[in-house]
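Visitor: Quick one: the structure is below, questions incoming.
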Amino acid sequence: MTLKEEFATRNFSIYGQWLGVLSMILCFALGIANIFTFRLLLIIFSVICLVSSFVILFIEVPLLLRICPTSSTFDDAIRKVSTNYMRAAAYLVMGVVQWLSLLGGASSLIAAAVFLTLTAICYALAGVKGQAFVGSKTLGGSGVAQMIV
């Protein structure tokens with residue numbers, strides 16, 4: 001199944017997974033970009049954003065749990081985030097944290113907050129519509145993800 005065919009299925013978990021990948025890239029880039037400032041609150045939220053990018057990486061690409069040496073506690077925590085509702089909750093929490101970064105003043109972390117919130121909405125819509133989680137083949141789903149989880 002090509003990427004175009006995956007998007008044509010109208011399964012919101014596929015949209016959520018790809019928005020999650022975009023969120024990961026944004027969180028990584030913006031976390032690094034905003035860490036070089038003199039505002040302590042912004043530095044704290046930048047570090048949280050940077051950590052979120054690595055958590056998202058393990059959530060969206062489950063093959064990495066097999067490849068990377070991580071603790072069993074971390075593996076168990078990531079494996080619990082397997083349903084659409086759990087993913088929506090995880091992304092919503094990360095999004096709310098980034099929205100809270102605006103308390104210290106406007107910054108580019110708002111882009112991460114927007115994408116994390118959009119990802120949470122996609123996963124929540126997939127859950128509400130009763131769509132089963134379908135992993136993108138491009139990201140290691142359909143067979144590879146099932147073997148690991």
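Sequential numbering from 1, following the chain as shown.
Every residue, even glycine, has its Cβ placed from backbone N, Cα and C.
Keep in mind that what you see is a predicted model, and the values were worked out from it rather than measured.
OK, Swiss-Prot features for this one:
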{"type": "CARBOHYD", "residues": "Asn11", "note": "N-linked glycosylation site"}
{"type": "TRANSMEM", "residues": "18-38", "note": "transmembrane segment"}
{"type": "TRANSMEM", "residues": "41-61", "note": "transmembrane segment"}
{"type": "TRANSMEM", "residues": "86-106", "note": "transmembrane segment"}
{"type": "TRANSMEM", "residues": "108-128", "note": "transmembrane segment"}
Visitor: Measuring CB to CB from Asn11 (N-linked glycosylation site), give everything in the same chain under 8 Å that is also at least six residues away in sequence.
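Guide: When sequence neighbours closer than 6 are ignored, Asn11 (N-linked glycosylation site) has Ala126, Gln131, Val134 within Cβ distance under 8 Å.
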Visitor: Kindly assign Asn11 (N-linked glycosylation site) to one of the three DSSP-derived states: helix, strand or coil.
Guide: coil
Visitor: Are there residues at least 6 beyond the ends of the transmembrane segment (18-38) whose Cβ is under 8 Å from a Cβ of it, and what are they?
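Guide: Sequence-distant neighbours of the transmembrane segment (18-38): 45-53, 56-57, 59-60, 87, 91, 94, 107-109, 111-112, 115-116, 118-119, 122, 136, 139.
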Visitor: Six or more residues out from either end of the transmembrane segment (41-61), which same-chain residues have a Cβ under 8 Å from its Cβ atoms?
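Guide: That would be 17, 20-21, 23-25, 27-28, 30-35, 68, 70, 74, 78, 81, 87, 90, 94, 97-98, 100-101, 103-105, 107, 109, 112, 116, 139-140.
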Visitor: For the transmembrane segment (108-128), give me same-chain residues lying six or more residues beyond its boundaries with a C-beta closer than 8 angstroms to one of its C-beta atoms, as numbers and ranges.
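Guide: Those are 11-13, 15-16, 19-20, 22-23, 26-27, 30-31, 33-34, 42, 45-46, 49, 52, 83-85, 87-92, 94-95, 98-99, 101-102, in sequence order.
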